[in-house]
Structures are given as C-alpha cells and as structure tokens.
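J.: Following this message is one structure expressed as structure tokens.
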C-alpha cells in the first residue's frame with residue numbers, strides 16, 4: 001500500500017508539474033498578443049487550467065483534447081472543443097452494445113477517471129438487466145490477472161478504456177491467453193484506433209471494434225498524410241506512417257476554425273491584439289465577439305463536420321465505427337451525434353461459414369431416443385458412425401453446408417447440465433463453459449439459467465413440464481361384476497330397507513282387520529275361521545316380487561298395507577332404473593380414473609413413486625422454484 005501511495009503521489013506530482021509548465025507557457029505568450037489559444041491535446045487537467053486563464057483574459061480557447069474529469073465550472077467566459085465529449089463517447093459505445101443485445105460486459109480502465117468519463121454508459125447498465133463489471137489496471141499496467149478473471153467469469157464482451165499503446169498491450173496479452181478468438185468482442189475507446197497495427201497481435205477471426213473521426217474524403221487528406229509520412233520517416237528508415245494522428249488532424253481543423261472566425265469578425269470590425277499579462281486585470285476587448293463567431297463556425301475538416309452548440313461542445317458530427325480486418329481496418333457503421341447508429345455490415349456477428357470452414361468441432365451429446373442413439377451393432381463401427389438419430393442427421397447436414405467436420409463425444413457425467421452451489425455447471429453445459437466441447441446437440445431444454453452462460457439455437461419443439469404416469473388398468477369382469485354399478489354401502493342399505501319393509505308390512509297386515517278374511521265363502525257365518533295372507537314368509541316374498549318387477553299373487557287389502565306396498569314399488573322403480581343405467585356404462589365404457597392432476601396431488605400421496613432426470617431442467621426447476629410448494633425439499637419430505 002505504501003508503494004501504491006507513492007506511485008499515486010508521483011503521478012499527481014507529474015500531472016501538477018505538466019499543468020504548471022502549460023500555465024507558465026500561456027503567461028509567457030500573453031505579452032506578445034494572442035488571438036486564441038489551441039490545445040493541449042494530451043493533458044485534460046492542463047486544458048482546464050489554460051481555459052481558466054483564457055477565461056480571465058477573455059481570450060478564446062480551442063480544445064483539441066479529451067474533457068477533464070470531473071469537469072470544473074468556469075467563472076468567466078468559456079471555450080470550444082473539437083474532441084468528442086465524454087457523454088457522446090458513452091452514447092456511442094452504448095449504441096454498439098445495444099446492437100449486440102446488451103450482453104454481459106467487462107470494462108477495463110487504465111485510469112481512475114474512467115468511470116467519470118463513461119458515466120452515461122454505466123448509468124445505462126444500471127437501468128438494464130445486464131451487468132457491467134469494472135476492472136482497474138494496477139500501477140504495473142499488467143492486464144493478465146484482469147483478463148484471467150474475465151475469462152473465468154465467462155464474459156465475452158470487453159471494453160478497453162486506455163490510450164493506443166496500452167490498448168495494444170492489453171490485446172497482446174489477451175491473445176496469449178487465447179481470448180482473441182471469434183467468440184470475444186472488444187470495443188476500444190481510443191480515437192487513435194486507426195493507428196493500431198494488430199495483424200501481428202491477434203488472428204483474422206478476432207472481433208475488435210474502435211472509432212475514427214478522420215474524414216478520408218477531405219481534399220487535403222492525402223497531402224496531409226504525405227506530410228506526416230515525411231516527418232515520421234525523417235532520419236530513419238522505417239515503414240510509412242500508418243495514418244494521421246487524431247491530435248494532428250484536430251490541430252489542423254482548430255487552426256482553420258480560428259482563421260474562419262477571425263475573418264468573419266474582421267469583416268464587421270477591425271480587430272487588433274494587445275499585450276496582456278497574467279498579473280494584471282486587463283482583458284482583450286475583442287475576445288467575446290471572437291468567441292461568438294467561433295461558436296457560429298460550420299466547417300468540413302479532416303475530422304468531419306465541425307459545428308458547436310451553445311456550450312461550445314461539438315455537435316452534428318459523426319464517428320466512424322471500424323473493425324479489425326485482415327486487409328486493414330474496415331468501416332462497418334457510423335454513429336451520429338444525435339445518438340443514431342447506422343450499421344452497414346454484420347461482420348460484428350460471427351460469420352459461421354468463414355469461422356467454421358475446415359475446422360473440427362467437438363460435439364457433446366447424451367444418449368436419448370430418438371435424438372441420439374447407438375446403432376444395434378455399434379461395436380462394428382468407430383467414431384461418429386456408431387451413432388444415429390435426429391441430431392446426428394442434423395449435424396451431418398450442417399457439416400455439409402458449412403464445410404466443417406465434427407467428432408461426437410458423449411458427456412462424461414451423463415447429465416444435461418445444472419448449476420452447482422460453487423457456481424460451476426455439470427453435464428453438457430459445463431463442458432461448453434469449460435471449453436471441453438464446441439457444440440452441444442441434444443434434446444436440450446432452454447431455460448433462463450442456461451441462457452445466461454451458453455447460447456441456444458432456435459428451438460425445434462416447444463413443450464412444458466408434464467407429469468407422466470402409468471394408467472391403471474381395470475380388472476377383468478368376475479362372477480360378481482353385476483354388483484359393480486352400486487357400492488357395497490348401497491347394497492347394504494338396500495338389504496336393510498328390504499327387511500324393514502317386510503317387517504312393517506307383516507305388522508301392518510296383522511294389526512289391520514281388513515287383512516283378515518274367511519277363506520270359505522260358504523261359511524260366512526263362522527267368525528272363528530279367518531286367515532291372513534301376510535304370513536312371515538309372504539311378507540318377505542312380496543317385496544322381492546316388487547323389486548324384481550314380477551309381482552305376486554298376494555294383493556294387499558287394507559289401506560295401510562297398500563301404502564307400504566306403493567312406497568316400496570316407487571323405491572324399487574328408482575333403484576332399478578339407476579342400476580340399469582350404471583350397468584350399461586360399466587359394460588360399454590371403461591372408466592379412467594385420474595389420481596394425479598397437479599403437483600399438489602403428487603406430493604400429497606405416497607402410493608405412486610415419482611422422479612426426474614438427474615441434472616435436467618425439470619430437477620433444476622423444482623430446486624430453485626420461487627414457489628415454496630414446488631421446492632425440491634418439500635417433495636423429498
């Protein structure tokens with residue numbers, strides 16, 4: 001910590017010394033008479049100090065370097081800047097990320113002011129669902145530990161906020177770690193991206209994006225390059241200068257802007273310069289007028305269209321989006337200062353036909369009918385010929401179209417893939433994350449958790465979680481199947497009702513005088529010879545005849561016995577009709593019982609055993625469900 005504090009102190013001291021040098025330089029040239037001050041291009045803090053001095057003397061200041069962070073308020077006057085504002089740079093990067101679909105991104109910062117410069121970009125990630133991880137380079141400027149962390153976190157989109165030399169160094173280290181393949185995307189914030197020669201650092205399939213303000217269609221562009229080449233090669237035998245530095249182009253445009261403003265002002269009033277001093281309160285009387293004319297300048301320069309808003313910031317300009325290409329940097333789009341992105345190329349996405357050509361992919365899969373199966377005589381074959389199925393046929397068609405070869409590899413643990421408590425993954429998902437396989441082809445369920453770590457193709461089938469159970473097969477009809485239409489309880493109550501009716505009928509017939517009669521009509525005068533037809537046997541037989549709808553020779557004579565008989569006949573009519581209907585249904589339709597209609601029913605019973613595929617999406621659903629009832633421990637209990 002002591003060493004780091006010392007390095008910070010020396011860095012601050014160097015910055016303070018540089019600012020003091022620029023301040024003294026301005027104060028030294030003021031007595032000579034100054035119309036405008038241009039620069040500096042490399043020190044934002046020095047630019048703030050110069051702007052403050054120029055503001056006190058009302059001398060226009062034209063900035064050609066990045067904004068200082070944090071931006072300091074000025075008490076008097078103002079300045080104009082040709083360099084893109086920090087807010088515009090954040091919006092441009094955000095537009096590119098939006099074209100990527102806002103993936104999980106990592107930001108590598110070379111200086112602590114990085115978060116202030118890209119404040120708007122950080123704010124956009126705060127209101128989005130994706131994450132932005134920020135990593136700072138230490139004093140040694142060694143990016144290796146940071147790159148390893150990014151690789152372990154499975155982040156494929158990386159923003160590098162550093163100057164051209166440090167960005168080059170970071171990309172060289174990333175290439176050593178195997179992080180410049182076609183699966184990684186880099187966005188460089190340096191405006192000197194056209195100067196970077198990356199052919200000896202990264203491969204042809206790398207995705208590296210940067211910005212450029214240079215106007216290649218400007219009439220003075222070629223002459224400007226030639227003059228820079230001459231100054232670059234003077235006294236040494238090296239290759240031609242790769243392109244104009246942005247600071248030189250901004251200086252060129254700044255001079256033209258000041259000259260144009262002075263010409264316009266000189267048409268309305270004669271201007272002159274006068275000696276000034278940093279120690280006196282004198283100001284330049286034409287400074288305010290010249291500043292107003294500077295803000296009204298519209299000019300097409302080496303850095304594109306130049307125009308200023310009321311705050312002196314550059315507006316209505318464009319940033320070219322360049323991508324590293326085998327033949328040099330290729331323009332793939334344009335960002336406009338009104339926060340509009342126009343892409344004229346899709347090379348930011350993987351070009352499968354070029355990326356996969358003549359390559360051998362390791363395909364991880366799992367045995368599951370009918371997607372991937374072993375042939376019946378697979379022992380007689382080797383390699384991919386051992387397998388067949390829908391996924392195997394699809395792989396062969398894709399290989400023919402995209403000109404690649406593949407090797408099928410069964411997943412080691414036989415699982416589809418589920419997250420572990422330590423953050424790792426099992427199954428095919430884990431092999432993809434750990435780079436043990438390039439592709440997974442199977443009947444793979446797409447879940448939100450898996451989509452966070454791997455990419456899926458378009459699904460060929462859409463299904464939900466279902467409960468599959470064996471249908472209960474009914475028993476064969478037996479000798480007593482005629483009893484099935486009614487439950488045993490119904491039969492029992494019918495028997496009790498029969499006995500009760502028989503007893504009531506017997507008692508009513510015995511007590512009623514109308515049921516006693518003389519069986520011999522010739523002996524009417526004999527009162528001692530009377531009979532009753534409702535004996536105990538007949539009382540039991542009469543309800544049976546009524547129940548079977550056959551009747552009997554016994555006819556009730558008294559009102560009481562007739563009422564009992566009528567009630568019994570009505571009861572038997574309803575019972576026989578219900579029995580006939582139920583018996584017909586039992587004989588024609590086999591009723592299907594559904595014992596389980598929801599996970600609740602499944603958890604509330606113990607007769608049916610249930611389970612899921614270990615490591616599959618269904619098991620993961622029950623383990624991490626937001627509904628307490630669906631949690632896996634509940635089902636285990």
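Cβ atoms are placed via backbone N, Cα and C, with glycine included.
Heads up, TrEMBL stuff is auto-annotated, nobody curated it.
Below are the features I grabbed from TrEMBL:
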- 445, 450, 617, 618: L-glutamate binding site (BINDING)
- 360-571: domain 'Ionotropic glutamate receptor C-terminal' (DOMAIN)
- 370-434: domain 'Ionotropic glutamate receptor L-glutamate and glycine-binding' (DOMAIN)
- 1-27: signal peptide (SIGNAL)
- 596: site 'Crucial to convey clamshell closure to channel opening' (SITE)
- 489-509: transmembrane segment (TRANSMEM)
- 567-588: transmembrane segment (TRANSMEM)
- 608-632: transmembrane segment (TRANSMEM)
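Could you place the listed features in the three-dimensional structure?
T.: When secondary structure is read from DSSP and collapsed to three states, residue 450 (L-glutamate binding site) falls in the helix class. Of all Cβ atoms in the shown protein chains, 22 besides its own fall within 10 Å of the Cβ of residue 450 (L-glutamate binding site).
For residue 596 (site 'Crucial to convey clamshell closure to channel opening'), the count of additional Cβ atoms within 10 Å of its Cβ stands at 15 [all protein chains shown].
Counting only same-chain residues 6+ beyond the ends of the transmembrane segment (489-509), those with a CB under 8 A from a CB of the stretch are 483, 515, 532-536, 539-540, 542-544, 547, 556, 558, 560-561, 564-565, 567-568, 571, 575.
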J.: Could you tell me the mean pLDDT over the domain 'Ionotropic glutamate receptor C-terminal' (360-571), as a whole number?
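T.: Across the residues of the domain 'Ionotropic glutamate receptor C-terminal' (360-571) the model's pLDDT averages 83 on the 0 to 100 scale.
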J.: Give me the CA-CA distance between residue 445 (L-glutamate binding site) and residue 596 (site 'Crucial to convey clamshell closure to channel opening'), in Å, as a whole number.
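T.: About 24 Å separate the Cα atoms of these two residues.
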J.: List the helix, strand and coil residue totals of the domain 'Ionotropic glutamate receptor L-glutamate and glycine-binding' (370-434) as derived from DSSP.
T.: 27 helix, 13 strand, 25 coil
J.: Quick one: Cα separation, residue 596 (site 'Crucial to convey clamshell closure to channel opening') versus residue 450 (L-glutamate binding site), in Å?
T.: 30
J.: Validating a neighbour-count step here. Other CB atoms within 10 A of the CB of residue 445 (L-glutamate binding site): how many?
T.: 17
